[in-house]
Each structure stands twice: as structure tokens, then as C-alpha cells.
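Student: This is the structure, below, for whatever I ask next.
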Protein chains: 2
Amino acid sequence: MVASTPGQHPPPEQHHPRADAAELRALRARLAALDPAEATNVIERMPNDERAIAFRLLPKGEALEVFENLDPALQSELIDELREETIADLVAGLDPDDRARLFDELPAGLVAKLLSGLSPSERSMTTTLLGYPENSAGRRMTPEVAWLPVDMTAGRAIERLRAYGDAAETIYSVPVLAEGRRVVGVVSLRRLLLSDPATPLGEIMSEPVWAEATDDQEDAARQVREGGFIAIPIVDHESRLVGVLTVDDAMEILEDEEDEDAARSGGTEPLRRPYLSTSLFGLVKARVVWLLVLIVAASLTVGVQSFFEEELDTVVALALFIPLLIGTGGNAGAQAATTVVRAMAVEHVTPGDILRVVGREVLVGAMLGATLATVGFLPAMLVAGAPIAVVLAITVVAVCTLATTAGSAVPLTARKVGVDPAIVSAPFIATIVDTLGLIIYFSVAKVVLGI
Amino acid sequence: MVASTPGQHPPPEQHHPRADAAELRALRARLAALDPAEATNVIERMPNDERAIAFRLLPKGEALEVFENLDPALQSELIDELREETIADLVAGLDPDDRARLFDELPAGLVAKLLSGLSPSERSMTTTLLGYPENSAGRRMTPEVAWLPVDMTAGRAIERLRAYGDAAETIYSVPVLAEGRRVVGVVSLRRLLLSDPATPLGEIMSEPVWAEATDDQEDAARQVREGGFIAIPIVDHESRLVGVLTVDDAMEILEDEEDEDAARSGGTEPLRRPYLSTSLFGLVKARVVWLLVLIVAASLTVGVQSFFEEELDTVVALALFIPLLIGTGGNAGAQAATTVVRAMAVEHVTPGDILRVVGREVLVGAMLGATLATVGFLPAMLVAGAPIAVVLAITVVAVCTLATTAGSAVPLTARKVGVDPAIVSAPFIATIVDTLGLIIYFSVAKVVLGI
């Protein structure tokens, strides 16, 4: 009864481009035994050429639910492989917000054709959503919204919500409107049920927490998460109701943003589709640009080392510790960057805190460096002698301090100037710190060793 | 009306241990103007010594809500600073699951005292929750659960839910029970409202998706997220109802897990409290152990370089490219590790996929390495001559392949043997790759350059 985890179903290991009849029967039987969530998992994990075959084998009622569960990128690929009527049915069956996300992935000509096949009300809802900027709350809200007039009584309100039936996305948290569709409150179905039926809504509604349709979808989703709401109203600039953002969409938005942050923290672009359904080329594409950018940045280290070649020749032992030193700087920088990027993501830190945060990180870096220097001094002295151990100790304090400073200041500054802070995160900062760390190392060595 | 973002309120810049009377008045006025979510944000961001002062200035009704919103670590510190009656009131006002989380942070003696101050029913709910293992669904469920017998009609069910009033956490998604509290279905309040009042629940309930109380809380939360549920029943081993896990608690669980994964991907321990409320010592503590582990691992690079000292002396130019090469390997490994750890977190990949995933990553690494080698060959030749450019090209392909292989195999293996894969992520893998990369580099150089 418990929803399956993907691990319970071994992935199809055969990669035949065309399955034969017996295999098809077996696959059909296997899919029929699964609930839609499980079937989605299985289909997501299939190689691209098998996915459409499996999808066509699904029982009709289940097919729509599985289609809804798939990522827009997979939906759009499936559409390439299905017959026109099937496509029209699937698209008509989607919620307007899911439909808008799918249309983003499809060629404009096909979108126009699919739009023309929708009922006028579905079509108008979809084009409205598509009219909002990408990544805005308006794109992800549902326009199928139940609402109540402020002068209605609790008893009549329940009747009216009943009349909405399944036409509204949620009837548990309902915007209360005054004249001109202005949102003046929100009332929960529970409150309605618990109130005297004669009570006017104005007396039992609560202050609305809303987002504007042009707000960033992540900010709107975070409001849902922080308030523990089932839905929040989405309004236009004059606080008129245009839709609601429900908690399940909010969770999906936040998970997509986590995907993005997690990917960028590792120096790759987010895949925006399940890993196993991503082509090798797709994986390479997500990573190669960053790797090239980072290698170009890292080529500065070659320049720095050439510049200090004389010192290196004089004290060859210095070279031994280069990977260790810059690795440590990179790690300390990655720690600071990860911590600060995450703190910004959950809004524990804002760009306005930059001085306070960087001030703390300078101290933390110095403390970390001092700890490492203390612990490492004796081993370093045994390996390389006291003078070099002194150079290493001083350098490690300087490099750690530099790393935590850069690791905190760079993402905060990025956010301040409107760049996604996750982009300039761990690997990027490690590369900066590598170069500066080498300069510090050789400079300290010159002074301490008198070379 | 829109819920505030923390940035809208400048943080208090004065860090006086004792505020004077005028400051207190100003602070009280400032707090009174905020809604509880805003007040929580402000209080979280205060230095530790000011937090209790500010908290005491909150209007009484608001204090409980703010207290509820705080992380358990901050709650437990506040408790140290408040008077006994206030503490008792606050603790009594918490939901049982929040109370259990707070008790985890408090000394056993204080917990016993606080428990004895609770009403018998609150006390019994709390001790039940505390009896489940840490990080289990049972710890985070709410035992204050509405349920319906399977032989009841829809009309009477609505009356019964009305009678629960605010005593149940949710009445929107309600477990349906047969004899012996066994969960046999779930029915939504919406379905009840839309059905003929005479319909028995057995006909309108849906298949329950549940979790067991001893299941991992993250798995249970993911079921809520994936099914888009408002709540799921939590049952014991005999499928008897013991509580529900609601969507807002599921979101909180998933966010905490994200915090943990994000922190570990950057080689630090999660803070488990807002960044600005963490002491410098707390920040250092979260990072220093990892940094020490990584530096010990990195000291292997010193050994490798000593071993190849002769080759380095013969062709000094080899040293120039060491930071660049191992940096690139580290980056490629971090990319693979981040991608795979994230794919596991969202259950797109399971340990059973290890061969399929590592197979893909070997190819991706080779393709990335080949791209970098192609792009970098000419510049390398101009800087260091053709022979060294050949060494670099071969090495970069080998190192990238090694890095993506390690970056995917290590986290998957970790999960397989029950270790959090995020622990062995980016920085850890970068360090392994550093050492192996150096060995590859010098070995290739020996063969190609004949040294």
C-alpha cells in the first residue's frame, strides 16, 4: 500500500529499439500491476526509445495521470511519438499550469495547433498563464480558483463551494473578494464548517497572505511553505484575484529550485529531467561549459607559477605542498560558499547582511586556518624542515581567511547585482582561491626564506 | 499584506548586552508592528543575548506563534532565559510533534519537569512521539488525528469532522478505519461535501497511501510530496492508525534534509539553525573536522610528488600545470558527485542503478576530457611545447574519466552500505582525484617524455 520507491522495480535492462510481441505483453502486464506513481517511476527510468512504447501500453485512464507526473521535457518528447488524437486528449486533460509548462518546451507551431484544439475556456486560461513572465508566480498558479464574496454568510459559502465541485483546484483555502475582485481576506473550509452558518465571511476571514502574479515563483512558493498554507491567492497589481498557488505546486517549485542550486553548487547546469532519462550528450552539455570556464580561470595558476619559477627552482620543496595548500583553500572556500548560498536560499541571510556575514567569515577563516596550522606544524616540520613549516603555517591561515572571505562575499555580491549566487559557488570560488593562494604562498616564502 | 522578506527590516546593529529603557520601548514598538512571521525573522537574526530580551517584549498571543516558528535549537536557548511559568505556557501551547523536537534539545531533567506540567492527554501524546526512533515518521507525525469509521455515511462524516473542531491537525484528508483502528482508506472533505450524504464512506474513499511510524521521515515526506497529498496516515506494523503527517511538516522535513545535503556537498556539517544565530565557534565546529580530514587526505599529494621528484626536476615545466590539472579533475568529480547525490535525493537514481550510472559517467568523463584536450591543446603547445601538450591532453582525458567514475561510484556505494552519500561528496572526491590524478600525470609524462 505504501507508495513504491523506484528501487523496488528493477529497471529494464534490455535496450532493444523494438520489443517483440511477448515482451510487449509482459511489459503491459507489468505496467497494469502498478499504480500511476509507480508507473511514472518505471517509465521515467526507461531509455528514450522504450518510453513511448511503454506509454502506449498504459490503461487509458492511467495514461493521463502518468503523463501529468512526467517532467515537461519528457512530456514534450513523448508527444513527438504519439498520434494526434492521443496528444489532443492528453493536453486537454492537463491542468492549465502544467499545460503552460509543457507548451514552453514545444515548438510554437505545435503549440498554436494544440491551443486551437482546446475548449475556449481552457484555451483562455492557458494563454493567460503563458502571458506571465517565465519563472513568475503567474506561470505556476492555477486560474481555476474558487472564491467567495465578502458579504456572504458561512452557510451559503459552503453551498457555493460545494457547487464548484471539482472545477476549482482547492476549496480548502478560499480567497474572499470585495468589489472589483479585490482580495480582502482568506477563509478556510474548516473555519466555515465550524462557524455559525449565519456569520458573514467578513467576520471569520483572516488577513490574506498573497503574491503578485509577476513575483518570482520561488518567493511565492516560500510564502506558502513558511506560512504552512494550503494555497495563497495570486493577485495583479491592483490586488485583484487572478489565481491561487497551491501547496503541491509550491513544493514542486521549491524542489526545482533546489535542483538548480544543488547542480550549480557542483559547477554544473541543472538537468531539468530525471538523470537516467538524460542523454549522455545532455550530461556533457550540462557540464562542459563550466569545466571550460573553470579551466580557463585555472590557467592563471600556470601564469603565477611561471612568475615565481625562480623561487621554485631555489626551494624545490615548496612545490610539494602546492596541491595540498590550494586544495585546502578550495575546501574552505567551498564550505563558506555553500553555507552562505544555502542561508540565502532559505532567506536566513539577505544581501543587506553582507558586512555582518563577511565579518564573521573573516574570523571563521582565521580560526580554521589557525587550527590547521597548529595541528599541521609538527608533521610539516618533520617532512620539510622548520623554515618551510613556518611558511606553510602562515600561508594556511592567510589562504583560509581569504577563502572564507571570498566564499561569502562573492555569492552575496552576486545576489546583490542580480546574478544567481549559486552560479558563482564552490568550484568557481575554489579556482579564484587557487590563484590568489599561490601568490600568497610564494610571497610568504620569499619573505620568510629570504629568497 | 505580502509576507515580509527579512531584507525589509534592517537588522539591529547595536550589540549591547543590556538595552536601556528607551531602546526597549523602541524595540517593543517595532515588534508590535510586525506579524508573527516577520517578528520571527527579526528575532532569529538577533545576536543571542538580545533574543530573549526581544522575545519577552512580544505581545502574549504573538509570543507563542513566534516561539513555534523558531528552530528547536533557538527554542531551547530561549528557555534558558525565560521564567518558569512562561516556559510551561509555551511548552503547553506547542503541537505535540514540535514539543517532541524541542525536548530532544533539552536536558533530561528539564524534560521530565515540563512533561509533568502537561495535561495527561498532552503528556501521553508527547511521550508516544518521543518513543519513536529519531528521524522516524513517528517523531514528526501529529497524533491529534481525525478519523472516520468505514461504515459511516458521508453526511454523518461531515458532522463528525465538524465536531472535531480544532482538535485535529487536519480534517481535509481523513483516514477511514475498519475494526481495530486498521486504515482501509482515505477520504477528502471535498469528496464528502460533493457526495450524496447517504453514501457510505466505503464507496467514496480512495486507496490509502501511508507510511509506517518507524519509516524514515524523509521517505514519508517524499510520499506526501510526490502524491500531492495534504496529509498521509501514519500506521504501526499492523496498519493501525497512530497519526498523520501533514504537508507542512513534510515540507519542513524535506527542507531540513536539503539543508543537510547542501551543507555536506560543500564539505561542512549542517548548522541546524539560522546562519546569523550561529556562533562563530559553531561555524568553526561545523567545518573544522572536514577540513582536517581533507587535509590529511590531501597530504597524500605531497607523498606522490616526492615520489616523482626526479621527473619533476628533469622537466620543471610539468610542475606548472599541476594546479590546473588537479583542479580540473576536482571540478569534474564534483560535477558527477553533485549530480548523482541529487538524483538519489529525489529518488531518480537508486543504488541498484550503480552499473548503469557509472557506465554513463565513464563515457561522460571521457567526452568531457576529450573536449578539454581538444580545446586546450593549442594553447598548451604554445606555452609548453608539443611534448608536454601531448602529456597534458592524455592526462586530462584520463583524469576526467577517473573523476566522473569516482564521483558517481563513491556516493552510490556509500548509499548501498548505508552511509549518507552527501558525506562523501564533492570535496572528498576532489581530494581522491587530486592524488590519483598526480600519479596519472607523472606516469603519462614518464612514458611520453621518456624520462
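Backbone N, Cα and C atoms are what each Cβ position is placed from, and that goes for glycine too.
Note that the structure is predicted; figures quoted are calculated from it, not measured.
So TrEMBL says this about it:
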type	residues	note
DOMAIN	B:141-203	domain 'CBS'
DOMAIN	B:204-260	domain 'CBS'
TRANSMEM	B:288-308	transmembrane segment
TRANSMEM	B:314-341	transmembrane segment
TRANSMEM	B:362-382	transmembrane segment
TRANSMEM	B:388-410	transmembrane segment
TRANSMEM	B:422-444	transmembrane segment
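Walk me through where these features lie, including what they touch and how far apart they are.
Tutor: Predicted-model confidence for the domain 'CBS' (B:204-260) is 93, expressed as mean pLDDT.
Counting residues 6+ beyond its ends, the transmembrane segment (B:362-382) has Cβ neighbours under 8 Å at 321, 328, 332, 336, 388-389, 392-394, 396-405 in the same chain.
Beyond its flanks by at least six residues, the transmembrane segment (B:388-410) meets 315, 317-318, 321, 325-326, 328-337, 339-340, 354, 357-358, 360-362, 364-366, 368-370, 372-373, 376-377, 380-381, 424, 428-429, 432-433, 436-437, 440-441, 444-445, 448-449 of its own chain at Cβ-Cβ distances under 8 Å.
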Student: Sequence-remote contacts (6 or more beyond its ends) of the transmembrane segment (B:314-341), Cβ cut-off under 8 Å?
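Tutor: Sequence-remote neighbours of the transmembrane segment (B:314-341) are 261, 265, 301, 305, 349, 357, 361, 364-365, 368-369, 372, 380, 383-385, 388, 391-392, 395-396, 399-400, 402-408, 410-412, 421-422, 424-427, 429-434, 437-438, 441-442, 445, 449, 451.
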Student: Count the residues of the domain 'CBS' (B:204-260) that DSSP assigns to helix (H, G, I), to strand (E, B) and to coil, and report the three numbers in that order.
Tutor: 26 helix, 16 strand, 15 coil
